[in-house]
Amino acid sequence: MTKVALLIAYQGTAYSGWQQQPNDLSIQEVIESSLKKITKTRTPLIASGRTDAGVHAYGQVAHFRAPDHPLFANANLTKKALNAILPKDIVIRDVALFDDNFHARYLTIAKEYRYSLSRLAKPLPWQRHFCYTPRHPFSTELMQEGANLLIGTHDFASFANHGRDYNSTVRTIYTLDIVDKGDSLSIICRGNGFLYKMVRNLVGALLDVGKGAYPPEHLLDILEQKNRREGPSAAPAYGLSLHHVCYSSPYNNFCCEQCSVSTSNEG
């Protein structure tokens, strides 16, 4: 059976997150509702992972099994039909038709999140839902020092909020870069997977380092504790975006150019 893969961008401001919730509007619910208008039956979506309330996405990936409908035999027509129905804060960027072996969640080999920060006392109007302005000045040099210590394979239990069950809290961060753009900056984090609120907690810790609350080396002590109570406060959700999800061949050219790059340094 054909699986239809969707590359999705959304502004998470008005939603309770990706996953369908009993009493709140979710991204998943809105897209499934749009599919139902086409198929006249519920078509479940499976995403690469769940984004929290207020978190955005430029490159979320989700799939569904193609119902018996002529529209889903053509990727471009599927994209046009869904975008014609969806609200303006959810966009299908691309559609691919894959074999039954594809799975948006289980075949993920890497994800990249980006967190946006502003140095402006009052963010520009178009930044207010996407860019967090810390109350204290911060040093990007100290933040990068701290970020370098977090790269690699570690037990990130101290950076994971409770609320999800994991077989292991060990994850690998491939890159963690502070990109300074003057009035704004991005924290770009790429890894093989992330725990619940892990990226926002990492950003919170790096901001603590940046404002001088503790030295970069203290991040290693936090890691060693393996205790969320020893970890930092999470940065706000609205600064975070799931930028892209990576898959190996033959699905690696769908969601981003970086998926086709060798992952030999990501073991």
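Including glycine, each Cβ sits where the backbone N, Cα and C put it.
Sequence-distant contacts of Asp52 (active site, nucleophile), defined by Cβ-Cβ distance under 8 angstroms and a gap of at least six in the same chain, are Gly12, Gly17, Lys197, Ala237. The feature active site, nucleophile is assigned by Swiss-Prot to Asp52, with sequence analysis given as support.
Annotation comment: Swiss-Prot describes Tyr113 as substrate binding site, evidence class sequence analysis. Shown in sequence order, Ile188, Cys189, Arg190, Phe194, Val199, Leu240, Ser241, Leu242, His243 are the residues of the chain, 6+ apart in sequence, with a C-beta less than 8 angstroms from the C-beta of Tyr113 (substrate binding site). Reduced to three states, the DSSP call for Tyr113 (substrate binding site) is strand.
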